[in-house]
Amino acid sequence: MRILGIETSCDETGVAIYDEDKGLVANQLYSQIDMHADYGGVVPELASRDHIRKTLPLIQEALKEANLQPSDIDGIAYTAGPGLVGALLVGSTIARSLAYAWNVPALGVHHMEGHLLAPMLEENAPEFPFVALLISGGHTQLVKVDGVGQYELLGESIDDAAGEAFDKTGKLLGLDYPAGVAMSKLAESGTPNRFKFPRPMTDRPGLDFSFSGLKTFAANTIKANLNENGELDEQTKCDIAHAFQQAVVDTILIKCKRALEQTGYKRLVMAGGVSANKQLRADLAEMMKKLKGEVFYPRPQFCTDNGAMIAYTGFLRLKTMNKPT
């Protein structure tokens with residue numbers, strides 16, 4: 001079975017082909033970051049138009065990369081949501097039109113399920129069951145995973161997602177879009193313990209997250225440390241970025257440990273754009289070592305939105321649907 005995957009939920013156009021016998025045989029990705037940078041964030045209408053321009057050419061490139069013809073494709077998976085409505089509509093329309101023309105099934109895939117299963121593409125893939133930490137610009141969730149399609153939401157952000165909080169705080173520091181990535185780089189040069197940020201919602205039971213208060217705390221810290229010219233010196237920027245990042249990471253670690261204790265599981269899977277954060281990866285690895293557990297995450301290119309995770313998830317779903325009963 002060979003599945004074509006199409007991802008168009010936000011500002012990346014991703015197309016990939018997953019082969020049941022060979023694994024991932026094609027992976028094409030186009031990022032719109034440079035286009036949206038001038039606006040300080042994603043402009044939905046521009047995103048949709050760019051997906052229209054890029055999706056079909058990327059499909060042609062993916063088929064060429066895999067040395068396949070349309071007749072070799074057994075199904076098409078596409079991101080059905082969540083995401084930008086117009087962008088999703090582009091991907092779903094193209095996927096369903098091609099599926100009709102090629103006489104193969106089309107399957108809508110939940111964007112976060114794609115992220116959740118992305119670590120399964122690695123050689124050192126996790127076995128079920130596990131706890132998944134899905135952490136991106138739009139979501140921060142802890143999920144109990146017992147198998148494909150067997151998910152239980154344990155906790156999630158009640159306001160800003162972790163990635164969103166990174167981006168907004170980075171913007172307060174005067175960083176260009178995408179500010180979250182730039183802020184993590186700043187944090188590497190920060191002085192530990194100069195600023196003490198709170199660890200929100202860790203003083204009460206439960207597995208939900210809240211990061212909007214950290215953004216407000218950062219705004220107040222920035223205001224209190226402006227010089228006579230109304231600016232922050234570079235080291236203070238680094239120190240604030242470091243304190244903010246450490247607060248987010250510590251909060252996530254506390255919640256992950258609770259989720260593992262609640263489920264009794266020893267495997268933690270992390271996925272989503274923020275899972276590429278070096279500090280988060282290092283601290284989670286250290287925590288899991290102390291807990292005598294394992295942590296898994298995808299390679300950096302599969303942390304952000306991509307077609308590979310959609311193709312693979314579509315393959316797993318269609319394979320399950322085709323199993324004899």
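Cβ coordinates are placed from backbone N, Cα and C, and glycine is handled just like the others.
The Fe cation binding site annotation in Swiss-Prot covers HIS111, HIS115, ASP305. Among the features that Swiss-Prot reports, substrate binding site is placed at LEU134, ILE135, SER136, GLY137, GLY138, ASP167, GLY180, ASN277.
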For ASN277 (substrate binding site), the three-state DSSP class is coil
When the Cα of ASP167 (substrate binding site) is compared with the Cα of each of the binding-site residues HIS111, HIS115, ASP305, which one is closest?
ASP305
When you measure from the Cβ of ASP305 (Fe cation binding site), how many other Cβ atoms are you left with inside 10 Å?
26
For GLY180 (substrate binding site), the nonlocal same-chain Cβ neighbours (under 8 Å, six or more residues apart) come out as GLY137, GLY163, PHE166, ASP167, GLY170, VAL274
To the nearest whole angstrom, what is the C-alpha distance linking ASN277 (substrate binding site) and HIS115 (Fe cation binding site)?
15
Taking DSSP as the reference, which of helix, strand or coil describes HIS115 (Fe cation binding site)?
helix
Three-state secondary structure of SER136 (substrate binding site) from DSSP?
coil
Max CA to CA distance in Å over the substrate-binding set LEU134, ILE135, SER136, GLY137, GLY138, ASP167, GLY180, ASN277?
17
